[in-house]
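Participant: As annotated by Swiss-Prot, [4Fe-4S] cluster 1 binding site applies to CYS13, CYS49, CYS78. According to Swiss-Prot, the [4Fe-4S] cluster 2 binding site annotation covers CYS145, CYS149, CYS152. Taken from Swiss-Prot, the feature domain 'MTTase N-terminal' covers 4-114, and the record attributes it to sequence analysis. Annotated domain 'Radical SAM core' per Swiss-Prot: 131-369, in sequence order. Per Swiss-Prot, the feature domain 'TRAM' maps to 372-437; the stated evidence is sequence analysis.
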Amino acid sequence: MSAPRVSFVSLGCPKALVDSERIITSLRSEGYEISRKHDGADLVIVNTCGFLDSARDESLDAIGLALNENGKVIVTGCLGAEPDVIRERHPNVLAITGPQAYESVMSAVHEAVPPAHDPFVDLVPPQGVKLTPRHYAYLKISEGCSNRCSFCIIPALRGDLVSRPIDSVLREAEKLVNAGVKEILVISQDTSAYGLDIKYQEAMWQDRTVRTKFLDLSRELGDMGVWVRMHYVYPYPHVDEVIPLMAEGKILPYLDIPFQHASPAVLKNMRRPAHQEKTSRRIQAWRETCPDLAVRSTFIVGYPGETEEDFEILLDWLDEAKIERAGCFKYEPVKGAKANDLGLEQVPEEIKEARWHRFMAKQQQISTNLLKKKVGKRLPVIIDEANGTIGKGRTRYDAPEIDGSVHIQSRRPLRVGDIVTVKIEASDAYDLHGIAV
């Protein structure tokens, strides 16, 4: 009897990708095969995103495609928290579960397509099945979020903060390193709040006591001999404690902090505690400790109540802070978000669009000027793509998929996952160009 085959669709953020990896690891450990195509598979699982209307539409379309091409579909993920929405559009799905419901997903799979007898558990690698390239992996340290930003429905979808004990996280990281992973990307909904919900619970790791805390996690990961990159860091004061580890080279000099805006009025409406003057001073202090630091952030323009003055404050903040990487989103109303009940004036779509373009032009100018300063330097670069002596990689200041790249020429063949020294010869708005030395 051949093993049952399951096709898998993973939508949304890196946190959802980790959920998908866990489900696929469970499937493989029970003898299921993973199919790249819906047609011919015994079942399709769709891990959905439900944060923005555009993401909900994409998820519903993916479910429809799976039903058309296969017919047997199990839905999980954030949109699964709203089963009525899914059933209204697609009444024939086999089962619907919410996010992080790994056991419920597996139960639904067992009911629809029972596993083959005597699965070969040893076919599953110790680090589990990963959907990223072999040389980097996402490490999820917690679920949920206890903040109540008015534009966000993550707490409603994924619940309040639930931190993984630090020994569990470090064991997973160790398995990843032993499997050859060269870069670990730490993710959660609120990385710097790690351990707060369990009162920074202590655990034993390598014969010493460590706390379930952002600082301890950073220090221990920094001793594993790989690149460690911190994502989704909320700007709490204790983030300052981690900057010296970056200056020492323990973890990458990179902070992904979603500031969202700079206007005090908009931040208040967003229920975000940060203030533009304080964040500017914080960034300046971080750079004094670690001059090599790169800051990435995301911002929302066109938030309800945002005035031209508010937007100008944001542009001025960009000029002052000069962060290395910035993404920008036009505000979309999210069903269930508190922002819908604030009674604020909506920003017209054409103004949102114009502000988005102005923001991107401003940040492009800043990025271009900062990257010019890299020309002539020799930088370590991790190779993401290689074709003989031509390749593409990333510096310590760039995360995969969301940041810039280094386009490389080399005398010797390049290999994906290698970290090579590159002399930077040129730059443009977002990328660098250089020669491996």
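Each residue's number is its place along the chain shown, starting with 1.
Even glycines carry a Cβ here, placed using N, Cα and C.
Since we're looking at a predicted model, the values are computed, not measured.
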Participant: By a 10 A CB contact count over all chains shown, which of the binding-site residues listed here is most packed: CYS13, CYS149, CYS152?
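Facilitator: Max Cβ neighbours within 10 Å, all protein chains included: CYS152.
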Participant: Sort out for me which one of CYS49, CYS78, CYS145 has the most neighbouring CB atoms within 10 A, since those are the binding-site residues we care about.
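Facilitator: Result for the most crowded candidate: CYS78.
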Participant: I'd like the per-state residue tally for the domain 'MTTase N-terminal' (4-114) from DSSP, helix first, then strand, then coil.
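Facilitator: For the domain 'MTTase N-terminal' (4-114), the helix, strand and coil counts are 55 helix, 22 strand, 34 coil.
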Participant: For CYS13 ([4Fe-4S] cluster 1 binding site) and CYS145 ([4Fe-4S] cluster 2 binding site), determine the Cα separation and express it in whole Å.
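Facilitator: Distance (Cα to Cα, whole Å): 15 Å.
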Participant: Taking only the binding-site residues CYS145, CYS149, CYS152, which one has a CA atom nearest to the CA atom of CYS49 ([4Fe-4S] cluster 1 binding site)?
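Facilitator: Closest recorded candidate to CYS49 ([4Fe-4S] cluster 1 binding site) by Cα: CYS152.
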Participant: Just to verify a number: CA distance, CYS78 ([4Fe-4S] cluster 1 binding site) to CYS145 ([4Fe-4S] cluster 2 binding site), in angstrom, no decimals.
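Facilitator: Just about 14 Å between their Cα atoms.
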